[in-house]
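J.: Right, I'll just put the structure down here and ask away after.
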Amino acid sequence: MAEKSVYKDGSFNRAPSSFRNFISADPNSRFPAEKGRYALYLSPLCPWAHRTIIVRAIKGLEDIVDLYEVDGGSEGWYFTGEGRVLAADPLYGLESIRDLYKKVNPDFPGRFTVPVLWDKKTHTIVNNESSEIIRMFSSAFDHLIPEPLRESNRPGGGLYPEPLRAQIDELNEWVYDKINNGVYKVGFSPAQESYEANLYPLFDALDRVESILADGRRFLFGEHLTEADVRLYTTIVRFDVAYHTVFMCNLKSIRHDYPHIYFWARRLYWDADEAGEFRAAFNKTTAPNIHRYSEGYAKTRHHVVLGKQGPLIVPKGPKVLIDPL
Ligand SMILES: N[C@@H](CCC(=O)N[C@@H](CS)C(=O)NCC(=O)O)C(=O)O
């Protein structure tokens, strides 16, 4: 049974995801990899969802897995018809992500989160946990994509190479707890004590990342991109424009205090070469949205922490969202 995200011991506690099935390259599996069968419902504003569209783009899965954008936030994700957001759910005409979960289980007890990986054939949620969705995208569809994009042909052995798995898992664990989810624990703190209790470990972890990158390596595990870079990136690219301001993660900023992290992030962000190694995945999933991060988090914090008491103020800085290379 899914748990709700709650303030436990005065701190934000993110509930585990509820649907944990896997798409597989095996044609006899329950969810075999097939072109056109699956869809991702998400908002590119959500950092967890952002991971999945980066890997979808890196792997050239745009023609294989559909993308349906929704908008909203802590008060629900909806089809609004604004910008790239669809006016209605293209499969069932539903109005919201809540409706999608209710379609699978009318008594669904958890939160109606994005991303959702949907199976159009059996009309159900395959998985709603981004860390698992990126693993599936990394390898399960490899027989359907051009040879150079397959994990076995990638320099360094792909996004989750066998020899590095234990190290990647170990790094992901503390990056998730202290950084990816750490910023939320700070920004959703209901009290000064929990704010401070989570703030210092966040910056200790950023210091640790900075020291890893300080030897001049291109990526967290050396010369080649892994899923650990993807998972860290979505938090770093939101840091100065949203977490520093809205979530009060302000002991330091990335641009002024973490030169190696900032350089690493800018290299990923500014790579707009569609024919290049990363198929412009970071740029095209971030650049259209980076100016909206501050508003998204301001609204969420106003709702979650302040119960909508008082005015909603959206911080406008920094003037330069991300410096050029
Ligand atoms: N563990 C999930 C977390 C996803 C998540 O928390 N998504 C947020 C948006 S950034 C959400 O949909 N929240 C809506 C809610 O909690 O009601 C994952 O990584 O996929």
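A Cβ is built for glycine as well, from the same backbone N, Cα and C atoms used for every other residue.
TrEMBL labels come from automatic prediction, so no person has curated them.
From TrEMBL, for reference:
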ACT_SITE  Cys46  active site, nucleophile
BINDING   Trp77, Arg111, Phe112, Thr113, Val114, Glu129, Ser130  glutathione binding site
DOMAIN    161-287  domain 'GST C-terminal'
ACT_SITE  Tyr184  active site, proton donor/acceptor
SITE      Tyr243  site 'Lowers pKa of active site Cys'
SITE      Tyr297  site 'Lowers pKa of active site Cys'
J.: As a check: which entries in Cys46, Arg111, Val114, Tyr184, Tyr243, Tyr297, the recorded positions, place their Cβ less than 6 Å from an atom of ligand 1?
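T.: Passing the 6 Å Cβ check against ligand 1: Cys46, Arg111, Val114.
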J.: Please count the residues of the domain 'GST C-terminal' (161-287) that DSSP assigns to helix (H, G, I), strand (E, B) and coil.
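T.: Residue counts for the domain 'GST C-terminal' (161-287) by secondary structure: 85 helix, 2 strand, 40 coil.
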J.: For a quick check of understanding: given the listed glutathione-binding residues Trp77, Arg111, Phe112, Thr113, Val114, Glu129, Ser130, what is the maximum Cα-Cα distance in angstrom, as an integer?
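T.: Greatest Cα separation within the listed binding residues comes to 16 Å.
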J.: Rounded to a whole number, how many Å is the Cα of Phe112 (glutathione binding site) away from the Cα of Cys46 (active site, nucleophile)?
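T.: Cα-Cα distance, Phe112 (glutathione binding site) to Cys46 (active site, nucleophile): 13 Å.
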J.: To see if you understand the setup: which same-chain residues, six or more apart in sequence, place their Cβ under 8 Å from that of Tyr297 (site 'Lowers pKa of active site Cys')?
T.: Gly187, Arg238, Ala242, Tyr243, Val246, Phe247
J.: Counting other Cβ atoms within 10 Å, pick out the least crowded of the binding-site residues Thr113, Ser130.
T.: Thr113
J.: Once near-sequence residues are set aside, which residues in the chain of Tyr184 (active site, proton donor/acceptor), 6 or more away, have Cβ atoms under 8 Å from its Cβ?
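T.: Set apart from Tyr184 (active site, proton donor/acceptor) by at least 6 residues yet with Cβ under 8 Å, we have Phe12, Arg14, Phe247.
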J.: Given the binding-site residues Trp77, Arg111, Thr113, Val114, Glu129, state which is nearest to Cys46 (active site, nucleophile) when distance is taken between Cα atoms.
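T.: Sorting the binding-site residues by distance from Cys46 (active site, nucleophile), the top entry is Val114.
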J.: Taking the Cβ of Phe112 (glutathione binding site) as the centre, count every other Cβ atom within 10 Å, in any protein chain shown.
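T.: Here the count is 16.
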